[in-house]
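One structure is given below, encoded as structure tokens.
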Amino acid sequence: MGETQEPQLSPETCFTIHMGEPQEVQLSKIEPSGAKETNSLEDNSFGGPMNESIMSNKKRYYRWLRVAIHSSLVLVCASAAVLLGRLYYEKGGKSKWMGTLVQLAGFPIQLPVYFFLAPKNLTTNNSIHPKQPSVSMLSFIYVSIGLLVALDCYLYSVGLWYLPVSTYSLICSSQLAFNAFFSYFLNSLKFTPYIINSLVLLTISSTLLVFQNESSSDDDDDSDSTKISKKKYVIGFICTVGASAGYGLWLSITQLVFKKVIKRETFKVILDMILYPSLVATLVTLVGLFASGEWSGLKDEMKGYELGKASYLLNLTFTAILWQVFTIGCLGLISEVSSLFSNAISALGVPIVPMLAVLFFHDKMDGIKGISMVLAIWGIVSYVYQQYLDDTKSENRNTTSHVPKASSPIEEVHR
């Protein structure tokens, strides 16, 4: 016929010729490109999760660093503010409304931070949550929280006026139980064994000192001064418990507003939640100060202050500043973790304030107080450990969710 030429076979023809050997065809087809595909998948599956793991660890580190900073602000500022508030009454201060006002009126010091340092690029948050609450809804929230805060601060002021600072501080630890109660209904809090253990220990811690003070007052002589002190103790106890309940409710409502209404937890939103309710609470307190007539005695009160006029003004000024910094730390913990965690850190000041009160106000320190402090620290550590377990489980869940998706194509190639 003629000289036969060797046909130039295309890849498609090669596959047709080897159709009789399907296994070889499958191997010859997949081996050259399959290795490349495998390498590509390996790069994506091992390099991607590794980078994600590093980024996750960094985010976790910075998150706990922020938590540590906020916790330090809460502990230091709350302890110092309580001691200064008690010093105001010890050295001649008498106005309960002024004691309330200094807890609220320092909010203007945050205005420079609000206007110049607060982040203004909120487009990402708005795109994630396009439906933002209306102005009327936000106004209702700010006014309601402001009224609650004003009442709460006044009750705290009355309690601090009538009670020793160590007793006052330990009764305040009951706010953790109130916060847990309200968070159960408002924020669907789940009670784990560690949280229950924390609540029980902190409740016992505060109860021990309360009964000790009652028993010690019963041992005193039945004189007029003793009767008055018992009456003041009851009033102070009721007001402090009521203030603790109000504080726990405020934290739970704030967490609910962050998650369900505002749906953003930026620095500016946190400052909004501080400034506007503080403005409302300050106006309400000023009305109470003038309506009660206590404003007319402030001038004489400053003149009769044992440490002098300058110390009087410095006391009120620094108390106002410390309470505002405390509020920033408190809301930072709410946005980073939860309202119950914020309250638990606040309760950690329970053993700190009595120890400082021994140094500055010469409060008595005995075995029951020491046991109370140990139980309080144990309760706080129990709750913090539960938070650590929750955070670890969340990180592990996120890590394992990426592995099957990346490894499944590789299994199909090598199957």
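Just so it is clear, glycine is given a Cβ too, placed from its N, Cα and C backbone atoms.
Lifted from TrEMBL, the feature list:
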- 64-85: transmembrane segment (TRANSMEM)
- 97-117: transmembrane segment (TRANSMEM)
- 138-162: transmembrane segment (TRANSMEM)
- 168-187: transmembrane segment (TRANSMEM)
- 194-213: transmembrane segment (TRANSMEM)
- 233-258: transmembrane segment (TRANSMEM)
- 270-292: transmembrane segment (TRANSMEM)
- 312-334: transmembrane segment (TRANSMEM)
- 341-361: transmembrane segment (TRANSMEM)
- 367-385: transmembrane segment (TRANSMEM)
- 395-415: region 'Disordered' (REGION)
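Ranked by Cβ pairs under 8 Å to the transmembrane segment (233-258), the stretches 64-85, 97-117, 138-162, 312-334 are led by 138-162. Here the transmembrane segment (270-292) sits apart from the transmembrane segment (341-361); fewer than 3 CB pairs are under 8 Å, leaving out pairs fewer than 6 apart in sequence. Recorded stretches compared: 138-162, 312-334, 341-361, 367-385; the one with the most Cβ pairs under 8 Å to the transmembrane segment (168-187) is 341-361. Counting residues 6+ beyond its ends, the transmembrane segment (64-85) has Cβ neighbours under 8 Å at 99, 102-103, 157, 160, 165, 168-169, 315, 318-319, 322-323, 325-326, 328-330, 332-333, 336-337, 342, 345-346, 348-349, 352-353, 356-357, 360 in the same chain. Same-chain neighbours of the transmembrane segment (138-162): 82, 85-86, 89, 96-97, 99-100, 103-104, 168, 171, 232-233, 235-237, 239-240, 242-243, 246-247, 249-250, 253-254, 257, 261-262, 272-273, 276-282, 284-285, 288, counting only residues six or more beyond its ends whose CB sits under 8 Å from a CB of the stretch.
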